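Chemist: Okay, here's the structure, questions in a sec.
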Ligand SMILES: C[S@@+](CC[C@H](N)C(=O)[O-])C[C@H]1O[C@@H](n2cnc3c(N)ncnc32)[C@H](O)[C@@H]1O
């Protein structure tokens with residue numbers, strides 16, 4: 001592909017990404033993979049270059065652009081070499097017309113930028129939400145240890161006890177240590193959140209929103225495979241990815257349970273009032289993970305945000321029913337919006353007078369409400385809110 005044809009391909013992909021964001025369709029990564037499945041002539045360099053153009057354009061636009069071309073024109077405004085590739089050549093992008101306008105820049109749609117500001121996220125912090133994330137791994141202590149593990153590249157040790165950082169795009173999935181479960185890919189913030197939860201060997205622990213088990217695996221490691229660890233989720237596809245990961249990691253203690261939404265407590269009857277600790281890694285807007293999914297800014301609307309906050313409250317209530325007296329609840333969202341963080345905990349403390357906040361000692365982060373906030377600008381992690389509550 002010529003450089004101009006790559007720009008045109010990126011424009012076509014951006015059109016698909018914009019449509020999918022509006023209709024809550026397929027995520028950008030899947031659209032890009034499908035696009036190239038149908039264009040076998042594109043080599044790996046072309047694919048990488050187009051992918052980079054697409055994500056650079058997504059990051060450059062705040063609100064959802066009117067078209068892929070407008071999004072790419074925004075990038076061309078910032079980069080003359082890209083502007084020069086709008087040359088009208090065969091398979092390339094048409095020349096830029098005098099009246100053509102680039103899509104608006106910014107961090108996010110206006111309502112969302114305002115919500116971030118109201119949550120204490122200043123301009124610097126907001127801009128850092130769109131940086132490119134490094135690649136963090138966690139050494140799995142069920143099989144190895146950070147101090148002794150041998151890897152093809154040397155990673156930077158981070159504050160979490162088993163975290164190592166590599167540059168963006170490092171292909172750790174090809175490493176023997178990944179294939180045999182000695183390492184897992186996990187953002188440093190996510191590792192710190194698991195450390196704040198302090199799961200211990202022999203405990204009975206429920207990971208209520210386990211997804212594909214990123215945090216369950218870290219908890220299994222902290223528990224040294226001793227005790228009971230139940231990983232639940234309502235999403236069959238995600239939860240089904242946990243078993244092979246647990247097998248690779250040697251995390252034999254993990255049990256899984258597919259929950260029926262609205263019938264969670266009924267299905268968890270056996271676990272009611274017996275858990276030492278329940279982790280609620282709640283579904284959220286993901287504003288803290290825009291470094292990895294920048295197009296998520298275009299998928300969210302105020303109605304969806306409100307729906308998520310109701311679900312977060314309900315999940316805390318379920319956790320409160322499952323935890324035994326003296327047990328603890330960890331509430332986590334990968335969001336920097338207060339409605340999905342400190343406000344949810346303030347509301348939970350009102351609804352459940354027997355729950356009390358527990359101080360969290362982490363090497364990074366800042367106290368925020370009754371919890372701790374981690375952010376890309378301040379901590380070099382994805383954005384998280386984490387709070388710990390003790391049941392009276
Ligand atoms: C933030 S993600 C979990 C990520 C996961 N803990 C990890 O570390 O990779 C939130 C999860 O909550 C799940 N979820 C949504 N509604 C739920 C419910 N009512 N009960 C349990 N899980 C639910 C979603 O399917 C999603 O997988």
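All positions are counted from 1 along the displayed chain.
Glycine too: its Cβ is placed from the backbone N, Cα and C atoms.
Remember, TrEMBL labels are computer predictions, not curated facts.
Residues or ranges marked as domain 'SAM-dependent MTase RsmB/NOP-type' in TrEMBL: 116-392. The S-adenosyl-L-methionine binding site annotation in TrEMBL covers 233, 262, 281. The annotation active site, nucleophile is assigned in TrEMBL to 334.
Help me picture these features in the structure, burial and contacts included.
Modeler: In the structure as shown, the Cβ atom of residue 262 (S-adenosyl-L-methionine binding site) sits within 10 Å of 9 other Cβ atoms. DSSP assigns residue 262 (S-adenosyl-L-methionine binding site) to coil in the three-state reduction, placing it in neither a helix nor a strand.
Classification of residue 334 (active site, nucleophile) by DSSP places it in coil, neither helical nor stranded. Residue 334 (active site, nucleophile) counts 27 other C-beta atoms within 10 Å of its own C-beta, drawing on all protein chains shown.
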Chemist: Could you state the CA-to-CA distance between residue 233 (S-adenosyl-L-methionine binding site) and residue 334 (active site, nucleophile) to the nearest Å?
Modeler: 17
Chemist: Please give the maximum pairwise Cα distance, in Å and rounded to a whole number, for the S-adenosyl-L-methionine-binding set 233, 262, 281.
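Modeler: It comes out at 17 Å between the most distant Cα atoms.
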Chemist: Given residue 281 (S-adenosyl-L-methionine binding site) and residue 334 (active site, nucleophile), what distance in Å do their CA atoms have, once rounded to a whole number?
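Modeler: Distance (Cα to Cα, whole Å): 8 Å.
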Chemist: Given the binding-site residues 233, 262, 281, return the subset with CB under 6 A from an atom of ligand 1, ordered by sequence, or none if empty.
Modeler: 233, 281
Chemist: Determine the mean pLDDT over the domain 'SAM-dependent MTase RsmB/NOP-type' (116-392), rounding to the nearest whole number.
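Modeler: Mean pLDDT across the domain 'SAM-dependent MTase RsmB/NOP-type' (116-392) comes out at 97.
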